[in-house]
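Enquirer: Got a structure for you, questions after.
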Amino acid sequence: MTTTTTAPVAPEPQDPFTGGKVLDFRPPIGPVTEPAPAEPGETVHEHEETTGEPVDLPVTEDRSLAARMNAARNGTRRPVFASWLTSSEEFVNTAKWAADHAAHTMAYHAVRCPLYAAKIAARSPRGLVRAVAVSANWAMDAEGRALRSDAVTKGDAELYLKLHNAKPRGRWWLVLLGLVILTAGALVLFGYAPMWAQFLGVSVVLGLLGWLGGNPDRPVVGGRAVVTSKAQKLTSDIVVRALSALGIAEVNKAVGKGGGGITFPSPITREGPGWRADVDLPYGVTVADILARRAQLASGLRRPLGCVWPEPAHDQHAGRLVLFVSDVDMAQAKPKAWALAKGGAADLFKAVPFGTDQRGRAVGIDLMYSNLLIGAMPGAGKTFALRVLLLAAALDPTAELRLFELKGSGDLSTLEPVAHHYASGPDDETIEQTVTSLREVYKDLERRAKTISKLPRAQCPENKVTPELSAKRSLGLFPLVVAIDECQELFSHAEYGKEAGELCTAIIKRGRALGVILLLATQRPDKNSLPTAVSANVGVRFCLRVMGQLENDMILGTSMYQNGVRASTFTPKDKGIGYLVGASDDPQIARSAYIDNPAAEKIVVRARALRERAGTLTGHAIGETQLAEDAARANVLDDVASVYQAGEDRLWSEVIVARLAEQRPDAYQGWTPNALAAALKPHGIAPKQIPLRDDTGTERNKRGYLLAAITEVILTTRRVSTESDDSPV
Ligand SMILES: Nc1ncnc2c1ncn2[C@@H]1O[C@H](COP(=O)(O)OP(=O)(O)OP(=O)(O)O)[C@@H](O)[C@H]1O
């Protein structure tokens with residue numbers, strides 16, 4: 001029989017700096033396997049005889065200088081100064097907090113001063129009685145009385161005499177002197193001293209007597225100005241307990257009898273507003289397994305779900321878990337102020353501030369060369385998150401904003417003063433305006449691509465917009481931000497949905513390098529409301545609370561749910577909190593900055609001022625409400641009529657748009673039959689099924705227009721305008 005021996009548990013080490021215990025760090029934590037009792041008659045061998053070479057050579061620690069230097073070279077250097085001392089932002093925040101804390105504490109106690117004074121005054125009679133009693137006992141040497149009576153009881157005359165002679169004398173005289181001085185002082189105070197001195201004197205005496213009459217169990221200052229809730233310290237035992245409760249067979253094996261235990265590659269430390277534990281999971285267990293059981297882990301740790309944030313370690317093996325347990329639930333933690341809330345401008349070529357992560361660290365998003373999809377259940381915080389990014393874009397005066405909010409609640413209306421295009425509403429007209437703007441953007445992609453292709457290689461080495469090119473307004477390569485809130489209304493629209501999907505897909509695919517940024521927010525991420533081509537090509541995704549796997553993966557990408565990135569674990573109170581994917585190498589937890597309407601209005605005032613100074617206020621912001629394409633639409637009837645050749649009285653839509661694009665590519669490049677239908681609709685012309693022969697001579701039925709229908713409207717319009725010109729003013 002073989003016995004397993006375990007290393008004795010080392011005494012807890014002491015931290016030389018804090019003098020306290022070094023945080024729990026005793027790898028590996030596993031079972032202590034007791035030697036199995038020997039059966040009667042059985043021999044216990046300390047070491048089994050083995051033959052051949054051992055597979056694992058004994059590990060002896062190399063303590064040579066070279067080895068230690070090598071280990072130090074590969075180690076991680078801890079910062080010399082605390083981060084709040086090296087970061088001016090953190091220093092200012094900490095200083096502000098300290099000043100605010102002191103001011104609050106003073107104000108709290110200042111308001112309660114009369115109550116404290118009344119309590120002290122009420123205790124002063126008891127204090128007076130105690131003062132008299134203490135003085136009398138002292139004068140009579142009360143402590144010696146017990147010894148003297150003891151000597152009398154024992155009949156020890158010698159001891160009694162000794163004690164009697166040692167009795168202090170003249171104490172009554174001192175008490176009397178004190179009384180005389182006090183009386184004289186009182187007479188002087190009330191006879192000659194000014195009012196304030198009398199008040200001060202009485203306060204001091206009452207204060208002293210109140211203090212003497214106090215009860216240590218009932219202090220005068222009853223409550224604290226700031227109530228702190230101290231979270232339980234995270235220890236390796238707690239982590240192991242929680243991991244063992246997850247029902248993962250490999251973990252149970254590791255922590256069970258004979259298992260290898262769970263190891264902690266570095267000590268559990270305080271990090272920001274919580275505890276951080278780095279854990280090496282047992283072989284075969286991945287961080288994704290833990291992420292998928294976040295709720296159970298929180299239960300095992302006995303912490304609220306919003307405090308427990310497991311995540312993979314960067315650049316490490318798949319079993320290295322970084323567990324962050326915050327003191328306060330992320331949803332209840334006081335939100336940090338947005339970096340651009342009070343001042344400053346943004347540059348869309350750099351990451352713009354978005355919010356904070358679970359450790360309170362700033363989270364930024366690079367919008368340039370990317371696109372963003374935000375998705376969640378209604379009321380989870382999509383619009384707020386979108387608005388934060390739009391406010392940042394507004395603070396970059398070079399960026400043009402086209403904003404469409406298809407719910408009609410006016411959630412983005414605060415941004416109207418800086419928007420080039422703006423429309424809000426749940427109606428067909430708003431959808432049409434959105435599509436019209438998207439068509440313009442689509443056409444602009446062509447122009448941008450041509451501009452870039454004509455530039456010398458030295459100016460544009462990567463064939464994409466650079467900050468320098470964007471700054472040259474004449475090139476028209478400035479950042480163009482298109483935001484569509486509640487985009488499910490657009491993509492599921494019976495008439496424009498398909499075209500909108502195609503336009504957005506093209507903008508996402510080609511616009512990235514050309515300085516066009518598309519931001520979409522949706523509360524219905526299914527394949528009818530969000531084209532798969534759009535969801536598959538978006539670069540950055542922010543998913544707040546969703547119901548299940550389908551919605552989660554539609555927004556965050558395929559297999560995210562399976563990998564443990566589950567926005568369905570958020571609760572209704574987790575407003576503004578979501579998984580952010582694509583903004584950094586790994587999925588992040590982020591809470592968008594909280595900017596309400598009044599705060600947003602102030603920021604927009606600043607943004608507008610920046611744009612006025614830069615001369616970049618255009619479109620809706622300066623009262624030009626009609627889209628450029630609306631103007632082009634006035635001529636569309638003439639243009640369509642002109643593509644019918646001699647002898648043709650009907651044409652399919654696809655032929656009309658192809659000929660229009662050929663005749664006037666500047667106005668009609670990229671038009672689809674749907675776009676044509678949308679342009680003709682305001683004139684009361686709808687497409688019809690037109691039977692015609694195709695190139696092969698086969699007769700087919702397709703959507704198109706009769707020339708007579710077009711010319712009739714042209715003639716009617718002309719007649720009406722001539723009549724109105726002739727009418728007397
Ligand atoms: N970062 C945040 N921090 C705290 N509260 C937030 C945050 N973001 C949003 N909220 C709260 O959540 C509420 C809903 O936000 P929002 O209107 O953005 O939701 P939504 O998902 O767009 O809803 P809907 O789909 O109905 O438009 C807001 O009124 C706000 O109080």
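Think of each number as a place in line: the chain as shown, counted from 1.
Using N, Cα and C of the backbone, Cβ positions are placed for all residues, glycine too.
Okay, so TrEMBL annotates it like this:
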- A376, M377, P378, G379, A380, G381, K382, T383: ATP binding site (BINDING)
- 360-553: domain 'FtsK' (DOMAIN)
- 1-56: region 'Disordered' (REGION)
- 172-190: transmembrane segment (TRANSMEM)
Enquirer: Please work out which residue of P378, G379, G381 has the most C-beta neighbours within 10 angstroms of its C-beta, and give that one of the binding-site residues.
Expert: G381
Enquirer: To see if you understand the setup: which same-chain residues, six or more apart in sequence, place their Cβ under 8 Å from that of M377 (ATP binding site)?
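Expert: Expected: Q523, L544, R545, V546, M547.
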Enquirer: Might you list, by sequence position, any residue in that chain lying six or more from T383 (ATP binding site) with a Cβ less than 8 Å away from its Cβ?
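Expert: Those within reach of T383 (ATP binding site), by Cβ under 8 Å and sequence separation of 6 or more, are E405, D411, L412, D485, A521.
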Enquirer: Within 10 Å of each Cβ, count the other Cβ atoms, then let me know which of the binding-site residues A376, A380 comes out lowest.
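Expert: With the binding-site residues A376, A380, fewest surrounding Cβ atoms within 10 Å: A380.
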Enquirer: Can you give me the same-chain residues 6 or more apart in sequence from K382 (ATP binding site) with a CB-CB distance under 8 Å?
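Expert: I374, G375, A376, D485, A521, T522, Q523, L544 - these are the non-local Cβ neighbours of K382 (ATP binding site), listed in sequence order.
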Enquirer: Of M377, A380, K382, listed as binding-site residues, which ones have a Cβ less than 6 Å away from ligand 1?
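Expert: Among M377, A380, K382, near ligand 1: A380, K382.
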Enquirer: Cβ within 8 Å of the ATP site centroid (A376, M377, P378, G379, A380, G381, K382, T383 excluded): which residues?
Expert: Q523, L544, R545, K575
